[in-house]
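Written out below as structure tokens is the structure these notes cover.
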């Protein structure tokens, strides 16, 4: 057998990327030379602990495990080379080259095994995937969940950044399985560890992003945010910029830390860490270092004992540790004297700070735009009101940011600032004539909107005039066409007294006053029966037969007392659950018995419904007949009343002529009688009735003579 084996076009898997090269196996060990970088990996034969042969995407692969826990993977072998490699491992390394294929079932539940520097997720005895724990950068725990984050691989186009494992809640020997899982990962992972004590600790600081209150522990190389739910370790090398921004109310301060790469919470990425401080909060701070170490490390920027405002202490410590300048607002001052502008971005209200070299928006979501990446800015009109305007920024990459609902009083100051920074203003020609003062901008804003407003006002006036004309025309038509004699009897009956009172005055105005309410009365009368009809439809006949019960309900009514006796004190909900379980467990033969009972009940119900429907039809016919009779009787009563009224009027007109033979009455009395009201007519008729018996007696006397 040959002492060496060489394979060309073999690929080594390193952090998810495949590097091609040459693999050489000799008695001394395994050597792989990268064809691109020339890097050589040398594995001594005495360090080899296990060799695994398996099928992979690029044919077949070889996985080598060393005694110190390292894993090496090589792909690109042909299937025919297995026998040659197996014999070589037996002869020179005294190892059995085992065959283990990966599981391709696609299941996402299985068992996790920790072996050396490797985390293996297995289904049964077959591995699904393996994770080198040296690639883990962060390990966080939640409720029954462990999240692993990985170092970013710049050599690979696509790299895995996060994996979540769900750990079922099982308590074995008082050990939490989630914590045990995390400890196994952290013991081998390349995670930032808090070695030694913190330099200083700031307790319960209010954090806007990520939201919550966190304890901030300051370590020499990283920042540790400790909250109730999440912990974040932020290396100082990931801090890009520091900002200290005064709030518009002049009572609070924002301290903003820009991060790249961002901190992660699930799928959310936080590129900015924003802390909110009150100016009134003071603190006395003592660093956990002796004075010599403080002087040697910070060179006078920090002292062992410091005191002052809380935001000043945090910003001072961060500036010394991160070794970056703190950016503060420049010379910009808004209309109210503040160094920021109130606006909205993506439906959230916030503050826009014009800085010396860019803009920063706080706080949801935070945005930082440098002047050197801005293509142009644009001043746009407010979409909803003329009292505000929008400020648009487009970057050279084509990204557009729109800050809306800015008060128009801020326009002059913002335009002067943008102009002084020599930024390209897209609509400079339109705004140049308006930049003298925000008052002129306000006037021009209203003028440009006047054309539309005037047109809408004119259309509104025309609509109002048309509405008035149509209402007047319709009123004249109703007045001219209205005739009490031609209207329905209901109106005449309801307004009989008004009609008689108005007959004495020959003016048309009084007639109109009486006629208008008559129409309203008709509408009210028409609506009443509709409500009655709706109420009658909603009502349910108590005499109607009840619906039949299902087989289950029949069984439940028969078995309820037995279940209660078997389970004393059982609640109603538990009883229904227990009944459901018993019904499910019941055999088909017993269920068929109750089905037959339900079928019999259904037949009885159908029979009763037929009888009920026949009886209800007969009752409805009787009701209709009685209604028709009532209507006829009402019409007859109304007809008699009308005839009586006509005869009374004729008798009243004839009675003065009869009285003329016995007593003298002047013309004034007769004319006043004709124009009198209905009440005077009744009095005259009573007088005539009292005077009429006298002449009848005389006639009888003359007749006897």
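Including glycine, each Cβ sits where the backbone N, Cα and C put it.
Here is what TrEMBL records for this protein:
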type	residues	note
DNA_BIND	545-613	DNA-binding region
COMPBIAS	474-496	compositional bias 'Acidic residues'
COMPBIAS	497-507	compositional bias 'Low complexity'
COMPBIAS	517-531	compositional bias 'Basic residues'
COMPBIAS	532-544	compositional bias 'Basic and acidic residues'
COMPBIAS	624-633	compositional bias 'Basic residues'
COMPBIAS	634-645	compositional bias 'Basic and acidic residues'
COMPBIAS	647-663	compositional bias 'Low complexity'
COMPBIAS	690-705	compositional bias 'Low complexity'
DOMAIN	545-613	domain 'HMG box'
REGION	459-551	region 'Disordered'
REGION	609-705	region 'Disordered'
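Shown for the DNA-binding region (545-613): DSSP residue counts in helix, strand and coil, namely 56 helix, 0 strand, 13 coil. Counting residue by residue with DSSP, the compositional bias 'Basic residues' (624-633) contains 10 helix, 0 strand, 0 coil. Across the DNA-binding region (545-613), the model assigns an average pLDDT of 88.
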